[in-house]
Amino acid sequence: MNFSTVRNFITRWCAGEENWVDTRTVYIGHKEPPPGSEAYIPQKYPDNRIVSSKYTFWNFVPKNLFEQFRRIANFYFLIIFLVQLIIDTPTSPVTSGLPLFFVITVTAIKQGYEDWLRHKADKAINQCPVNVIQEGKVIKKQSRKLRVGDVVLMKEDETFPCDLILLSTSREEGTCFVTTASLDGESSHKTYYSVQDTRPFTTEEDFDTLLASIECEQPQPDLYRFVGRINIYSDRNEPIARPLGSENLLLRGATLKNTEHVYAVAIYTGMETKMALNYQSKSQKRSAVEKSMNAYLVVYLCILIGKALINTVLKYVWQADPDRDEPFYNQKTDTERQRHILIRAFTDFLAFMVLFNYIIPVSMYVTVEMQKFLGSYFIMWDDEMFDEELGERAQVNTSDLNEELGQVEYVFTDKTGTLTENNMEFIECCVDGHVYIPDVICNGQVLPGATSMDMIDSSPGPGGKETEELFFRALCLCHTVQVKEEEVVDGLKMDLHQGRPTSFYISSSPDEVALVEGMKRLGFTYLRLKDSQMEILNRENEVERFELLEVLTFDSVRRRMSVIVRSNTGDLYLFCKGADSSIFPRVVSGKVEQIKARVEHNAVEGLRTLCVAYRKLSVEQYEETCHLLNSAKLALQDRDKKLSEAYDLIEKDFILLGATAVEDRLQDKAADTIESLHKAGMKVWVLTGDKMETAAATCYASKLFRRSTQILELTTKRTEEQSLHEVLFELSRTVLRQQGTMTRDTFSGLSADCVDYGLIIDGATLSAVLKPSQGHSNQGNYKEIFLEICRNCSAVLCCRMAPLQKAQIVKMIKASPEHPITLAIGDGANDVSMILEAHVGIGIMGKEGRQAARNSDYAIPKFKHLKKILLVHGHYYYIRISELVQYFFYKNVAFIFPQFLYQFFCGFSQQPLYDTAYLTLYNISFTSLPILLFSLIEQHINMDILKKDPSLYRDIAKNSLLRWPIFIYWTCLGLFDAVVFFFGAYFLFYNTTFTSNGQLMTTNTQMMFGNWTFGTLVFTVLVFTVTLKLALDTHYWTWINHFVIWGSLLFFVIFSLLWGGIIWPFLNYQRMYYVFMQMLSSGPAWLGIILLIVTSLLPDVVKKVVSRALWPTTTERIQDADKLYNGQLSEFTPLSSLHTPTRHRAGPQEPNRRSEPLAKKLMFTHWRDRHDYCTFTPLLRFADSTQHYGAGYAYNGAGPETSV
C-alpha cells in the first residue's frame, strides 16, 4: 500500500467522515489461507523504518534555505543583497550579505544539529534487534526489517517495535501488563487481552501450525481506538471469527511489564504505527510581542521607503541645474546618461533603499531567537520548580512564548489532577440509606479498638445485610483492577507481610483502586482474576468465586461501566457503577431519595461520588445480551456506535444499591496560587467534567470562590424552571448593574468594597448558549450576553464539560472584543484540546498521563509552580524582550538617520557616511552582545518581591511596554541622538585651514578634514551613546554585565585601531588608513566626543529623573526602596506604602484587621471578610493597606510607564 492511501484515510478521518472505513487483511506468519476459504491477495505495506528527521543529506541545503527565506525579514534582506549585486550601489554587497549569511548560517547549523540528533535516534531505534518466529524457530531481525504479518516474541521490559495484536502470553489467563508512558505518559499498568482462540499457542512450533488472517481498519492516529476481526481456520469449513479491539492492540513505544513473555503479530509498521501518525506538529503560536515587532517593522519599512523617495526626488531637483549635474570624474558613460529618466530614477531609488536599509534590524530576529532559546533554560534550571516526589523539573517544549507568560489575562484550569492531587482515598459508602465509614462508629466517635468496619447505623433492618453484602460484592467485581502478588512490582521490592508476599492493586484509574481498597477495609477483599474466575474473600474468610462473562467498559460519554458475572449458584448479575447523572435515570427501584440526598451532601463536601446498581438477568436475557454485544464487536464499520447502542439496551431497569464517596485532596498551595493569580489581575476559570456540587466545593476550598462571592447559576436545573432567555437577561442585569461605578477588571482585584460575582454553568446549558440563533426576535444573541456576564465575573466554574467544550470556551474568550491572552493548564488527555487552543498551554506531569505535558508549550510538576512561572519568569521575560525590541529600533534609527542627513551635504550622491566595516559590524559585533546579555539576566525588581506582591504583574499587562506611545518615544529619542551626532560633528568640522604640507585640517580640533574622518567621528559617538544608554537602563549589575558592556566598547576601539592602522593586503583600497588614530590624536576631538555623548543622553536621563520624582510608578517606588535597603527590601520592609496611591470609594468603614497570629493562618481559610491579603504576615505582604478599586495599579497610577 502506498502512502497516498494512508494520507487520504487520515485526511478523511480527521475531517470527520467517521463512516468511511477502509480495511486491510493481514495473514499471520505470511501463511496463505486454506484453499476455498478466501482469495489470497498479497498486499504491500511499508517496512518498520521510523523517520522522525526533517532533512536528508541531499535536500538539507535547498529545503532549509526555502524555509528560512519564507520569513519576510530574511527575504527582504535577500532582495537588498541581490540589488547590490545587480546595480551600482553606494555600499558593498558584503554589508548586507555578511549579516544575512550569518543569520542564515547560524539558523541552519542549529536546525541541522537538531535534525542530526533525530537521525541518530532513528538509527538507534531502527537497528534494535527483535525476536521473530519463522518456520518454528526464533531468529533475530533488525527492527527496520519487520514486516506486517510477522509473529514476534517480546519479553518483559522490552519495548514493542510496532503495533501488534496480542495472540498469547505466559500468564494463564492470557493477559499481560503494559505501561504506555512514552505514548501518553501513564505510568500505571494497563491490562491487555490475548485472542481467546490463540491462547493455547504458547511455543514457536505451535505458531508454525497457526492459520489465521486479520481484517482491520487502515492506520489512523487515535491511540484508544481500534476495530478489527480475526479469522482462525481449522478443519471445519467455516473460520472462527473473533472481534479485536483496543484491548488487544499493543502499541509501538509501550513496554511489557510483569509478564514473562508474549507472542504477537505485527499489524501496523513504520510510519503507519499510531505513534508515528501522532508525530503531527502543533500549530504555530505567535506572541503579542512578535505581533508588535512585525507592526513596528512595517512602520520602519514605510520610513525607509519614504527616505529613499525623498532623496531620489531631491537628487533630480538638485541636478536640474546644469551646473550641478554629476561631474566628469564620476565616470558616468554616455549610455547611462541617455537612459530614460524613469529607469535612472528607479535605479537611484533602489540605491537609496540599499543605503538606508540598515534601519531594518535583521540581527534583531537572531537576537530575539537566541534570547528565547537561552532564556528558556532559566525555567528548566529553576530549583524551586523541581518536584522531589516526581523527580521532575519544569520543561519548555517551545521557547517562542516566553514573554507571553507575562501577559496572561485568563487562566483556564482543569480540576482533577490539576487543582487536586488525583490521589484518591475511600471515605465512605451509603447502602440503602445507611452510611458506612471505615474505623468509625455511631455519632462519628472513633473507637479505641475499631479496626475493620463499623457502621454509623448498625441496624440496617430486615434484608439489609443481604443488600449490604451485594453492594460490597458489586464493588469487588465491577472494575478492571489487577492484583500483583509478587515481591517485586515493576522493579521495586515490596514489603513482606508475615513471610508472605503482599498483594498490590494495579489499575489505570486511581478511583477504582481506592474503591477496591475501601472494600478491603470494610471486610470484602478482591483476590484475583484467574481463568475468567474473580475471587473474593468475604468477612467470614470464605473465598467466593464469580465467573466474569462480559465487561462493558467505561467511556466518557456513558460515564459508567458494567460487568456481567455468574455466581456459584448459577445466578447471573449485571453490576454497574457510574456517575449519578448516568445511573439514576436508569433505576427502577431502590432507596433513590435517601441515596441521592447523601450523594448531594458528599458532593457539597468536595468528595467524588459514584452510584452502584445491579440487575438480575435470566438465561434468555443473557443470551440476548451476548448476541447484541457480539454483533456490535464483530462490526468493522461504526463499531463504537453499535456498541454504544448495545450498551444502552443492556444497561437499564437497575435496582439501586448505594453510592460511594472518594476524596481527592487539593494540591499543595493550590489556594495560595489562585489567590495570587487573582491579585495579579488574572481571571481564573475552572473547566471540569465533575458534577456541580463537587466542583463548587473544590472552588471554595481553593479560594476561587469566597464566602462573600455572590454565586450566579446558569445550569440545566435553573433553565428548566425559567427559559434560557429569561435566565440570561436576569444574570446580565445583575452583573451589569455595577458597571456604572466599576470597571470590568475591578473584579479581578478582589476589593473588599465590591460585589464579587462567580458564575457556575454546566455543559448542557453551554451547548444551548453557543447554539446559533434560530432567528426568533425574542431570542437575541445568547453568546454575546453570556460573554458579557462572564467578563464581569471574577471567577467562572464550568462543570460537566466535554473536552471539546473546554476548547470552545477558550476559543470564545480569545475571540472576544478585548482579545485577551489566555492560558490553559491541565494534566490529562481530555485537557489537550484546550491546551492547544489557548495562547499558552501548560501541562502538569500528573497521574492522568503525560499527554497534556507532551502537547503543551510548558510542563510543570505541580499546579503551585504556575505562580512562579507567571509572576516571576513571565514578568522578567516580558520586561527583557520589550527593552530588546525597543532598543534595537532605537539604535538603528540613531545609526542610519545621520546617513540620511549626510545626503543633503553631498549632493544626494548616495555617498555612504560610514566605512563598509562599520556598516557590517555595527549590529553583529559592536552593539549586539550587551543587549543580548541584558535580555537574559536583567532583573528590574527582586525576585522575592515579584512573588510576594502579585499586583506588580498588572504593571506590564496588555502589552503596556510595547504600546505605540512608548515606541514613538524611543524612535524620537533615536532621531534626537542622530541629529546631535551629525550636527555636533558638523560643528567641529565647520572651519578648515590648509597646513604647510597641503593637508586640509579642521581649525577647531586639528583633525584631517575628510568624509571618512567625519563619518568615523559620528560612528564613535554613536557606538558609545547607544551602549551607555543600555548601561543606564540596567538595574541588575553583575561582573558579566561589566565585562560585556565595557568589553564591547574596548573591542570597537581596538578594532578601529587595527582596521585603520595596518595595511591589509586583501583590500583593493584602504580609505580608513590612519583615520581613527589621527582623530584620537586630537585633544579637542576627545572633548567633543564626550560632550556629544553627554548631550545625547541628557534628555532621557532628565526625563527619567523628573518622571520618577513626580509621577513614580509602583515599580519605580519599589526599585528606589530596594536600593535604600541594599536589596533586602523583601525581608524587612512593609511595602503597602510603596504602591501608587489610588482614589478611595465611598463606602462602609473597613472592619478592624485581625491580629498577626490570625493573619499568619489566613492561608488555611477562605471565609474571611478581607480579600487583599497575601498568605504572609503583614510585615511581609505587599498589598496596599487601603482599599482599592479599579483595574489595578498599572491603570490607576499617575504618569506614563516608560521605565523598565
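From the backbone N, Cα and C atoms, a Cβ is placed for every residue, glycine too.
Heads up, TrEMBL stuff is auto-annotated, nobody curated it.
Per TrEMBL, the features are:
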DOMAIN    42-96  domain 'P-type ATPase N-terminal'
TRANSMEM  72-87  transmembrane segment
DOMAIN    129-192  domain 'P-type ATPase A'
TRANSMEM  295-318  transmembrane segment
TRANSMEM  349-368  transmembrane segment
BINDING   Asp414, Thr416, Asp827, Asp831  Mg(2+) binding site
ACT_SITE  Asp414  active site, 4-aspartylphosphate intermediate
BINDING   Asp414, Lys415, Thr416, Glu512, Phe554, Lys577, Arg608, Thr688, Gly689, Asp690, Arg800, Lys806, Asn830, Asp831  ATP binding site
DOMAIN    853-1113  domain 'P-type ATPase C-terminal'
TRANSMEM  887-905  transmembrane segment
TRANSMEM  917-937  transmembrane segment
TRANSMEM  967-989  transmembrane segment
TRANSMEM  1009-1031  transmembrane segment
TRANSMEM  1043-1067  transmembrane segment
TRANSMEM  1073-1098  transmembrane segment
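Within 10 Å of the C-beta of Gly689 (ATP binding site) there are 22 other C-beta atoms, taking all protein chains into account. Rounded to the nearest whole angstrom, the C-alpha distance between Arg608 (ATP binding site) and Asp827 (Mg(2+) binding site) is 18.
For the binding-site residues Thr416, Asn830, the ranking by surrounding Cβ atoms (within 10 Å, all protein chains) places Thr416 first. Residue pair Asp414 (Mg(2+) binding site) / Arg800 (ATP binding site) shows a Cα separation of 12 Å. Under 8 Å from some Cβ of the transmembrane segment (887-905) lie the Cβ atoms of residues 296, 300, 307, 311, 314, 355-356, 358-361, 363-364, 367, 911-914, 922-923, 927, 931, 967, 970-971, 973-975, 977-979, 981-983, 986, 1015, 1018, 1022, 1025-1026, 1029-1030, 1033, all in the same chain and six or more residues away from its ends. Shown are the binding-site residues Asp414, Asp827, Asp831; of these, the residue with the fewest other Cβ atoms within 10 Å is Asp414. Among the binding-site residues Phe554, Gly689, Arg800, Asn830, the ones whose Cα is located within 10 Å of the Cα of Thr416 (Mg(2+) binding site) are Gly689.
Note on the transmembrane segment (349-368): residues 71, 73-74, 76-77, 80, 83-84, 87-91, 95-96, 99-100, 102-103, 106-107, 293, 297, 300-301, 303-305, 307-309, 311-312, 881, 884-885, 888-889, 892-893, 895-896, 899-900, 910, 912, 919, 922-924, 928, 931-932, 935 of its chain, located 6 or more positions outside it, place their CB under 8 angstroms from a CB of the stretch. All protein chains considered, the CB of Phe554 (ATP binding site) has 18 other CB atoms within 10 Å. Using Cα positions, the member of the binding-site residues Phe554, Gly689, Arg800 nearest to Asp831 (Mg(2+) binding site) is identified as Gly689.
It is 17 Å from the Cα atom of Asp827 (Mg(2+) binding site) to that of Arg800 (ATP binding site). Across the domain 'P-type ATPase A' (129-192), the DSSP tally of helix, strand and coil residues reads 7 helix, 38 strand, 19 coil. According to DSSP, the domain 'P-type ATPase N-terminal' (42-96) comprises 27 helix, 0 strand, 28 coil.
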